[in-house]
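K.L.:
The transmembrane segment feature in TrEMBL is assigned to A:12-33, A:74-95, A:107-128, A:140-158, A:179-200, A:227-248, A:280-299, A:334-354. For A:70-355, the entry in TrEMBL reads domain 'ABC transmembrane type-1'.
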Amino acid sequence: MNQSMLRQERTAGLMFALPFCVSLFVFFVYALVRTVLFSFQTYDLFSTPEWVGVANYIALLTDPLFALALKHSLAFAVVVTTLQTGLALLLALAANQKIKGRGAFRTIFYFPSILSSAAMTLIFLWLFQRQGLINQGLGWLSAHGGLIVTGGLLFFALQTLQFLWKRRKYTWMRWGDPFNGLVSFAVTVVVMVIMAGYGIGVRALEQPVAITWLNTREVWGPLPRTIWAIVAMNIFTTVPTLMLLYLAGLQSIPESLYEAARIEGASRWQQLRHVTWPRLMPVSFTVVTLGIIGTLQMFDQVALLGDAAPLESKVTLAYFTYHNAFPPGGSPRIGMASAAALVLATLTLILVLIQRAVGVSETTND
Amino acid sequence: MKITTTLITALSLATTPVLASDVVRISGWGGNDLVVVNSLLNEVLADDIRAAGITVRYEPVEGDFAQYLTNALSAGTAADVFYVDSFWGAPLFRSGAIAPVSNANQAVADALIPALNEAFMYNGQLMGLAKDFNTLALQFNKDIFDDAGVAYPTMDDTWHDFRSKLQAVSTNLGDVHGICVVPDYARFAAFALGTGWSPFNEQGHTVLDDRFRDAFEFYTTLPDQGAGVMAADVGQGWMGGCFGDETTAVAIEGSWISGFLRDQAPSMQYGTVGIPVHPGTGERGNLIFTVSWSVANDSQVKDSAHKLIELLMSPKAQQWVLESGLALPSRESLGNNPYFNGTGQEAEISRVVFNGASDGYVEPFAFAQYGGDWKSIMDEALGAALLKERTIDDAIRHAQQQFDRLTGR
């Protein structure tokens, strides 16, 4: 290749990279530098910024709302990342089964992720009302608790009876055999309908279940009840996307590995434990990393709650940042918002590095 | 040929009258307001605007208007004339980005209801002219009161009368509640202010004293007293919703409820009276919800912008707004307008709401530079007490701690 062609190729390469470099510089490098500068200043978007050193960071440390936001964000990240990773894996394993109507199941599983989080939040706001579907469902469960427990026990007993009977006849059968499960289920349903008809196992509630999900200050475990509602919303919309990643990962595992494992006498659990899980490590790394980043930066679902929930019960770090930048009816506090944004960014980076060091590995270890 | 063309062009330019037309950009929120402002500009004021040598460019904004305006003013891209809500006006007035009302418009300001001007005062200067407003009033369902055999609410009712009537309705009808309450200062204030309590004392601090406690206890115990229910418990988010589906006998809303009832309950026979008076002070409390026309301080066409506001606030424009039933115009003299003497229920609600701005202890729906931070403390206290998550005293004590941190003491 002569010099002229080499120069031309280099120029072409630079031209291709230029748009990305420009956008990276403007929207990341420049914005980051400005944010760092603002975090050492007081600024309300109108008056000249005033240098205050680390005062904004000290103010953050002494602000109870920031402490609350930090606690909520960390707890939310741990809870949601754990739940969504587990559920995504389970759904992917289910959707990977060679069963009839597999395409339809996959579509149904994936469906929630195509809806916008704004639309989903509004739907969930309606579901979580004091007289919403969630409370009505809980009310139904509470009223029919006895019936459901009885049904569960009956199913277990029927399945065990079939298992023992077949064993007695020296016929091989797993306890969880689907066909026998269907028979047990059908008998259970018939018995439950009859019981319900006679009012057995059903109790009348003195008061309808009226849990206040959103406009409340109640705390359940590590999170306010309001954020538990957001956990449900968030998982519902993110799990399908993560399931898709796991599904792609599952399909990339060679069938020969399972065949070899089966020849060695590995059970389904052992195949999952020693073949599937190690081969899914890179996917799990992606899923957990995306989960941590996404959950720490969760904002829209909190913002869309609006006045439906008290600030203290819904605030997260991302919302705290926005709330300081654009306090409703108040002066913008850009310095505080910038400091909080940098704390959030640093925290995200640290958590991802920790998870990379001690958590899920990004290699298959083989 | 070329010379001839040039000469003709020059001659025609020289003989054309110079039209000194300033382009004034105006901005407000979208939705229904878009139709109202367009009609006002194009049907009512078109000739006057043209005669004033002004060309108006209207730029409605969908979404969060306060955030848009803050960004636009700080970036120097805001329209010349725009809405400012009293709720979030103070930070913008303090920023110096908004020009005070011009001397030329002082006459217009003097013609407005004084309480409306109070909502836009900052450091002794008037920063905008209230284009319209709303206050709170008590709407009652006549059929429900008739069925329950209870006397209608009246303008002279005290809190105790009000509560007794609601209790009687609930007791007599069983399936109808008196009122649905919401954990929202924007409704609770109707009682809090009636006691003579004020959101800020002379030092600018918020003090939740015994007068406040009196109102807080009255409002948050309405459900316990058999006089009401929480809106959330009947699947509603505001008092108008409960009233519209006839779950409750009364509501405390502004004149905006009339449009809602026209659509949702067209056959409902309802009346409107003022907020019940406090038994001790004998006064009623009320909030003013209002929006001003204001001018950007860095506008290049400030004189024309002020002139345009003068036209938008002219008696002709305000009369049109009133007769359209779209909002309550802010000129005091319109209180004598024949429209208010009508016997229809919408005329009645307009009359009571209009008079509400000058009756009793009235405050603008504004919380100095604290805005939503102030209101959220109050709303949380109301919610905690209504849901029994805190006792009344605990809720007030907790709110006072938060107010002390916010406003100092």
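Each residue, glycine too, has its Cβ placed from N, Cα and C.
Tell me what's around each of these sites.
P.N.:
Beyond the transmembrane segment (A:179-200), the same-chain residues lying 6 or more positions past its ends with a Cβ under 8 Å from any Cβ of the stretch are 144, 146-147, 150-151, 154-155, 158-159, 162-163, 166, 173.
Residues of the same chain lying 6 or more positions beyond the ends of the transmembrane segment (A:227-248) and with a Cβ under 8 Å from any Cβ of it are 72, 75-76, 79-80, 83-85, 87-89, 91-93, 95-96, 106, 109-113, 115, 117, 120-121, 124, 128, 213-214, 220, 280, 283, 286-287, 290-291, 294-295, 298, 301-302, 305, 313-314, 316.
Remote same-chain residues near the transmembrane segment (A:280-299) are listed as 73, 76-77, 80-81, 84-85, 88-89, 230, 234, 238, 242, 245-246, 248-250, 253, 316-319, 322, 344, 347-348, 351-352, 355-356, 359-365 (criterion: CB distance under 8 Å, separation of at least six residues from the stretch ends).
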K.L.:
Mind checking which residues reach the transmembrane segment (A:107-128)? Cβ under 8 Å, same chain, six or more beyond either end.
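P.N.:
Non-local partners: 91, 94-95, 134, 213-214, 229, 232-233, 236-241, 243-244, 300-301, 304-305, 308.
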